[in-house]
Amino acid sequence: MAAATAAAALAAADPPPAMPQAAGAGGPTTRRDFYWLRSFLAGGIAGCCAKTTVAPLDRVKVLLQAHNHHYKHLGVFSALRAVPQKEGFLGLYKGNGAMMIRIFPYGAIQFMAFEHYKTLITTKLGISGHVHRLMAGSMAGMTAVICTYPLDMVRVRLAFQVKGEHSYTGIIHAFKTIYAKEGGFFGFYRGLMPTILGMAPYAGVSFFTFGTLKSVGLSHAPTLLGRPSSDNPNVLVLKTHVNLLCGGVAGAIAQTISYPFDVTRRRMQLGTVLPEFEKCLTMRDTMKYVYGHHGIRKGLYRGLSLNYIRCIPSQAVAFTTYELMKQFFHLN
């Protein structure tokens, strides 16, 4: 999710130039469709590269957040060593296949929804500047989450499994089992509310922070922080190391604000996999249980240090890849 939001934030800070009118059939509408297709591909590729880079950290985060009994007494780095010892090296990438399937539509929906909401907020409500980026980013993030939530649910279930204790043999089997045993279609949306409540500040703050840092940086120090885009010399883009810094700051702030909702969401998604399932049926009950049994630092914010460690490499790969893809697909 973070990677797609990072790439979307980059697109938000650099809106595409107006498309020229094309003569004959397949004019401006076709060209605009091609723009969204290119955005879809650019965002999907960037998201997949970033998520694959930090997949081992994502796996450990799920295990620590939900207090898996094999690893609940371990920290981040000791868990990174313990997982390969127990499950092999590929154990660090368990659930990543489902994430790759999810990240492409997630990125596409987020890009299109952001542009739509940004235009709607500007034209209908008369709100512009950084505020409309904050609002549109929050709404786009929530829209993308709702549309792709079942895939994230399955990914979490697969990531939580430990070798020798598999409830699901793969993505399709997980879908079938959840549908059959956990209330049909609604079983795929357990934990949606805390996810939405967490996504609103996460996506909004990510868009707002990165967009603000980028616009201020390129306005006040264009030579030091920026360079001409390879596909359009008239457009300035951030240098790679500056992208890393801005993305890291945006991600760290957004994660800190939304992390308790992320912990709550993971526990609700895991559902019957956890022994305390009946105590975590609602968002309120889940937060109360986690806080009561584990406190704030070891409960609601357990694994946050891992998210901070994930933030810099994830944002670096996402922004760098997306910058390259924007130039490759002529999006500047």
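FYI, residue positions are counted from 1 along the chain as it appears here.
Backbone N, Cα and C define each Cβ position, glycine as well.
Copied over from Swiss-Prot, here are the features:
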- 34-120: repeat 'Solcar 1' (REPEAT)
- 37-57: transmembrane segment (TRANSMEM)
- 88-108: transmembrane segment (TRANSMEM)
- 128-216: repeat 'Solcar 2' (REPEAT)
- 134-154: transmembrane segment (TRANSMEM)
- 191-211: transmembrane segment (TRANSMEM)
- 238-328: repeat 'Solcar 3' (REPEAT)
- 244-264: transmembrane segment (TRANSMEM)
- 299-319: transmembrane segment (TRANSMEM)
Which stretch, 88-108, 134-154, 191-211, 244-264, 299-319, tops the Cβ pairs under 8 Å count with the transmembrane segment (37-57)?
88-108
Remote residues contacting the transmembrane segment (299-319) - C-beta distance under 8 A, at least 6 residues beyond either end:
2-4, 6-7, 10, 46-47, 49-51, 53-54, 57-58, 60-61, 64-65, 67, 76, 238, 240, 243-244, 246-248, 250-252, 255-256, 259-260, 263-264, 287, 290-291, 293
Determine which residues of the chain contact the transmembrane segment (88-108) at the Cβ level, with the cut-off under 8 Å and only residues 6 or more beyond its ends counted.
1, 3-4, 7-8, 36, 39-40, 43-44, 46-48, 51-52, 55-56, 58-60, 62, 80, 144-145, 147-148, 151-152, 154-161, 163, 171, 174
